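Here is the structure we will look at, set down as structure tokens.
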């Protein structure tokens, strides 16, 4: 892919710079230890890795004295090879850096090492301590070398392969297994391809085999299904060899074998499980760690689980033997030990006949872990429902509530509403730990719990756990501030992120009271801190970098705080090391940094790269280019204008690809044309092909941007398996890439109808690429695998064909029994069942209107929140579901808060008249509606007016949390009423209002209100502009023209999009050029059409990352001094052979003179 740069010129340069060593020692060969003589010969041959290994070996048994360095140099001098200590050090550094970028050559080097050198290399990998070699003149940090090697793309692969090839012949097998574990645990799992098992040793000592099996168990989830099967075969091949089984009727599977297999026991066949001796299975169950093993069989199938349960029941353990179960104590949970031993097998327990209520409760308690299963959740829910019925026999729900575990999430609204406040209060220690609550259930249970409490205090709120989101905004506002403060410092604070924006603002309004702001703000921790308004921050004098370390900052907060603290601190580096504060570093701050300071603290930016905006990255790139382009991390070149990519010589393609592959190109380069240029450079480096798996390792995230042509024809068979493993994780392949992947898969595996279960599992993320006809066979053969694949696509909306295949699969496997008492017009219609709806998730969008209309009322009640979360429902489907809600709950005027909250998107089907009927007196109800973003202006106005009418508030009465809760419906406000909003409430929620995409007229009125808070637009700072968000789109033409061009990058992209076309075109060319890459990418096509040629040129400059600040663009010289040249930088980095892209040098060396 690229040629290794020669080091002759480097050596010559260092030689001339430092001077040739003049040390001479008589009889140097006889006077030098044989290991050091060998090291010197390796240096002469250019085998620096071998030389380093000789040095490490020597140091392990000898003390390095002051004269040894000079003796080594004298020896080299006697061989007519002249080095100084600095030049030798640089040569070794350069060589090792090259090997990090050329891991195939590292593999070759390690193959050529002698036995002693190889053992030394392996021992270095084994060490955990941060050891080093102190050679008096030089300190070599071996710990850093090891860490960098294990983290470098491709190096891990070479270390893995060489360990398999040579280690087991030269070192103790336990040590080799430990090395394999280190290397594999730092990998993506792609090393473990099915054919790798052919290289695994089959004659391991028992302890080494068990340890290596443990490594494979730890990596199970990173391993493909085919590789899991291959590793299982390797493990069982060794286990069967050691088995005492004499014929086919006897099982080779012993208790210890099951323990060794661990998660791999799910690959045992049904027949093998049924042959396991009852004695062995009973012995296995009695092991102390058997439960841990069975708790992790996440991908076990019901059939295999039933087989294991049958063998366990045939052993001396008996689920019904309550005297055995009772053996530890007499309390309810003392019945737990045996069910606990079953691990995830309990999720498939089916011997329910004559089961008593106590054991049913124990089983329910153990079934909490069933959420970890891969699939089969509908069956789990069904089993929980059956156990729930048994657990409540001869008892009321009030009596059993605390002993039903997480099965309580299956209770209907009517069951929850029937609970007494006392029962909920008594069961709170169970209810507060349950996950999976629907929001409507939380509302009901919280109301019951709080009804038992006379005063809302820290103590009773701290008991609520997962039910905290059910506390109303008004209730939070009624609490004392000291109680709120304690809540935010307690364990229950982890649930604050589950609260609605209105609830969070209600809490914030208590913490930040006008008369005493400072203590409240400082006490707010974590992500909640970013909700603090810029206005309140400006009133707080007591911030420092230490106080801010545990707080998440919004960008407007960071901009303000960094500028504030920079004026008062004597150690600006503390601000950069504070993490979140880097969001507030502006281009002017970067420009003002001295060269030494910038280079010394660039690592702080790199450590927090995900927090930086594209504009900040652009500024960092320009700064680095100006002060130290020879050591510039190559990925930063992508932030500069596209022509700068020509600065990457062919010899530096590998570090360029590694550096760029560790970042996400979509967030680094926003302009499609520029991205094309970057990818053209990538293709040039690759020579339009991927030759082997090492190239895949080096590419990292760039794999997701491979052109379709390379995917189709440029990936070699050797590299394809590794590439496919990486492509699985690509979030958004384009249509051409998807088509190319599909063709490759068809070429390799054939049509889906011929696929095995393992193939289907491995290709799960790619099933969406196939047609409905192609998927039909998968839906028939492997319906559960198809469902699992669909569940993992929750972040994206799959194709209609894929969803239809999922739908058909579920419908074909469900009971097709029409209702005994159907609704009128529903005779012969198989209505949706709760199980079907639970399984289908987004594929529920495939229901016909007739199916939804014929849904039974109980089914609707149990699944309404699932249906309300489906993004793909059409307007007619939503209308049908709304009618179903009216049929079940009566007219909207009778609906309570939990009804409205549960509707989700179904509420969008309510017309204006129906919305006016709703009880909208609670801001929490309104907040649940405003969460939807598809309201028509008329609907939004009905919700807003409904809240004002039902609550009795007027516009001037609205508090900050009311404004936040109104959300998008606030855009429906009459502009004549905006001036009535109290400034004291508006100023603390500016950032929230600035997220709304309101009309230009509404934004303009909000902008006028913002002027009261922040002054005239000519006085606005970067932090104010960032805080305002879309409100800034309300600026007039004159105000926009008056803005300093240096403020342009601090508009939010959403504000740029909201600027009317006729106003946007009033920006000067200089202002447009200063927008920055992110804001330039937000410019709409309609806005672009109104621009002049000069403005369009400026826009392209902004998109490309051209310099608009401080220095002039496009310096041509590669030297570190500034230049005013504006020529093309092509070839500017041809002397970039010394680039060391890692934050720390591979060989950490420190000269001590």
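A Cβ is built for glycine as well, from the same backbone N, Cα and C atoms used for every other residue.
Of all ranges given (1089-1108, 1109-1128), Swiss-Prot attaches the label region 'Disordered' to 1109-1128. Residue 974 (N-linked glycosylation site) and residue 544 (N-linked glycosylation site) have their C-alpha atoms 42 Å apart, to the nearest angstrom.
Between the C-alpha atoms of residue 394 (N-linked glycosylation site) and residue 460 (N-linked glycosylation site), the distance comes to 31 Å. Comparing residue 211 (N-linked glycosylation site) with residue 544 (N-linked glycosylation site), their Cα atoms are 49 Å apart once rounded. The Cα of residue 398 (N-linked glycosylation site) lies closest to that of 460, out of the glycosylation sites 156, 460, 544, 812, 911. Cβ contacts within 10 Å of residue 974 (N-linked glycosylation site), excluding its own Cβ and spanning all protein chains shown: 13. Rounded to the nearest whole angstrom, the C-alpha distance between residue 812 (N-linked glycosylation site) and residue 460 (N-linked glycosylation site) is 49. Of all the glycosylation sites listed here (156, 289, 460, 544), 460 has the Cα closest to the Cα of residue 911 (N-linked glycosylation site). Secondary structure at residue 211 (N-linked glycosylation site), as computed by DSSP, is helix. The glycosylation sites considered are 156, 211, 394, 911; of these, 394 has the fewest other C-beta atoms within 10 angstroms of its C-beta. In the three-state DSSP classification, residue 544 (N-linked glycosylation site) falls within coil. Every protein chain considered, the tally of other Cβ atoms within 10 Å of the Cβ of residue 812 (N-linked glycosylation site) stands at 12.
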